[in-house]
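K.L.:
Before we start, here is the structure in question, set down as structure tokens.
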Amino acid sequence: MGEKDKLHEISSKFASLGLGSLKSTPKARETTEPPPPSSQQPPSTPNGKEAASPSALKQNVRPSLNSVQQTPASIDAVASSSNVSLQSQQPLSKPVVSSKPNQTTAMPPPSNNPSRHVSSTSNKPAAVSPNPAAHHAELPSGSVPPSASVSRANSTATTTPHKAGVVSNPAAANVHVLSVAASPNPSTPSNGPAPVSTTATPSRNPVTRLQRIFSQNSVSRQNSRTGRGAAVANTEETNSTGGSETGGAANSSSTSNPSSAKWSRFTVYDDASHTHQLRPARRQEKLGKMLKDFLAGNSKKREEERIAKEAADAQHQLSLVQSWINGYGQEKLADKKDPAKVSASFVEKYGRCQEVIGRGAFGVVRIAHKVDPQNSGSETLYAVKEFRRKPAESQKKYTKRLTSEFCISSSLRHPNVIHTLDLIQDGKGDYCEVMELCSGGDLYTLIMAAGRLEPMEADCFFKQLMRGVDYLHDMGVAHRDLKPENLLLTVSGSLKITDFGNGECFRMAWEKEAHMTCGLCGSAPYIAPEEYTESEFDPRAVDVWACGVIYMAMRTGRHLWRVAKKSEDEYYSRYLMDRKNESGYEPIEMLERSRCRNTLYNILHPNPTYRLTAKQIMKSEWVRSITLCEAGNAGL
């Protein structure tokens, strides 16, 4: 039989099998054509002869197989390259059609070397890789290459050997295949198909973006409370100090006993009541251990010092000169304000300052530990805020600023307002404000750790916040800098307003009308729009606006906008447009209850004249229906 007849027999078997398995390997025709201009030589057949060229094969193969571009290799290599795809006798998947008919998708430039690439057009069956070992060398024999099924399902697949700028490893090639198939109009650079990202292109529609940003599915920490038992949120497995977080924000328990979980941040019971268990930060836990070790070491040290002092006093009891020197020194210290004496007075009243637990723009907050030996060694913790002078601030302005803040905060007595105890000047001449310690941290840290809060949890904190703001306004004080960082929490969930550095007294006790104010202060996302104008405004309305933004931050874990200026923030501009429409503003419309949504629209009214007051908010149906925790009701 001649070589032409042998080749005809091979072609007939290809046509009859329809890309089926080949049981025999006929002898390939010897070629006299010179090798292609490539450093790689064409592979040989098992008998040592060179394989037939692709052009010779194409002349005798039926037109339906023209889309399969074969590199010079033996037919056994072709059969083994499609290990499962050819042996399974499954029909090809429907090819992916390009957006333009008969258009080549991600086609690389032509090459003189037939082993450079194997590609297919968008309206033809997918290409089959001729050499499985070239791209799947790590796969065991008999396994399916990851790209085999992908190539048959996605007719736009293109396999390119390794070169600069082109992915050649199997994992990267699979991602590239999926990316090209998903893209309707992939770009084709001059050096081959460019890698296409699998990430969906963000929509330019602002409404779609708002849905994506504020949707519950986009929040990293999901809420999934099921069952009728106690809903437990934020178990102990959650790492609140950063890094990867395991588990969701909410886990369910089939029992109403919260002790069944290791630790739960927020627990809801069958009777609709709830409890907060805000664990102190790890830094505070470390501080507590350090304080215990410190006290244990100090007690031993004090005992040694007492014994040494008694021994020294025994030696000097008979010395009149030493007695006179000691008395003279005490009189001199009493005649002047010695920094050491001031410091000793502070330590005597509130203990020694320890680790820094908070930092601000012009000061730090430390923790002070006081042991009362007369009361069975009871321990009391205080928060000490150390004020620093601003750059180019005179001593007179510095003193006036601190005394003004202290006068405002020390005159307030409310469960939701921080209790300020004292203002003392330390040995360096800086003033220190002593306050009660809230070991639960601040609201900002809680939101950052949880992603977002549970609806009942956020409602409880919001009602406590509005109750404190209503009290401040009744006392004639506006805070002017409300934000989650200035809202402290106890371990049991009691919220307290702090930092009255920007506070204003808009009405004296004997006055009935409130004084208007002007000027810009606070943090940008919480500043009301009227503060950017040059006209005067009511400072109470500014506090109400900030409370609305804080509530949305608790529910969504995000800011509604960067700045409440229509010309500078597209999200705020979209809010002004959507709040007039029937569909409403998407982040607010995602909230479940209509009473909550309506109240928030009135809290965030751009015109302060029509904005709700704190007292009106407390009397609204939504806020009256909110159930507070036991700690939130304490002290009322």
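Glycine residues also receive a Cβ, built from the backbone N, Cα and C atoms like all the rest.
Taken from Swiss-Prot, the feature compositional bias 'Basic and acidic residues' applies to 1-11. Feature annotation from Swiss-Prot assigns region 'Disordered' to 1-167, 181-261. Sequence annotations record features per position, and here Swiss-Prot assigns compositional bias 'Pro residues' to 33-45. Among the features that Swiss-Prot reports, compositional bias 'Polar residues' is placed at 56-92, 113-124, 182-226. Feature annotation from Swiss-Prot assigns compositional bias 'Low complexity' to 140-155, 234-261. Taken from Swiss-Prot, the feature phosphoserine covers S218, S299. The phosphothreonine annotation in Swiss-Prot covers T238, T241, and the record cites experimental evidence as its basis. The domain 'Protein kinase' annotation in Swiss-Prot covers 351-623. For I357, G358, R359, G360, A361, F362, G363, V364, V365, K385, the entry in Swiss-Prot reads ATP binding site.
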K.L.:
List nothing but the one residue from I357, A361, V365 whose Cβ has the fewest other Cβ atoms within 10 Å; the candidates are the binding-site residues.
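P.N.:
The binding-site residues I357, A361, V365 were compared, and A361 has the fewest Cβ atoms within 10 Å.
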K.L.:
Give the three-state DSSP assignment (helix, strand or coil) for G363 (ATP binding site).
P.N.:
strand
K.L.:
In sequence order, what residues of the same chain, 6+ apart, have a Cβ less than 8 Å from the Cβ of R359 (ATP binding site)?
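P.N.:
When sequence neighbours closer than 6 are ignored, R359 (ATP binding site) has V365 within Cβ distance under 8 Å.
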K.L.:
Are there any residues in the same chain, six or more apart in sequence, whose C-beta is under 8 angstroms from the C-beta of G363 (ATP binding site), and if so which?
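P.N.:
G363 (ATP binding site) has long-range Cβ partners K385, E386, F387, R388.
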K.L.:
Largest pairwise Cα distance, Å, within the listed ATP binders I357, G358, R359, G360, A361, F362, G363, V364, V365, K385?
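P.N.:
Per the listed residues, the maximum Cα distance equals 15 Å.
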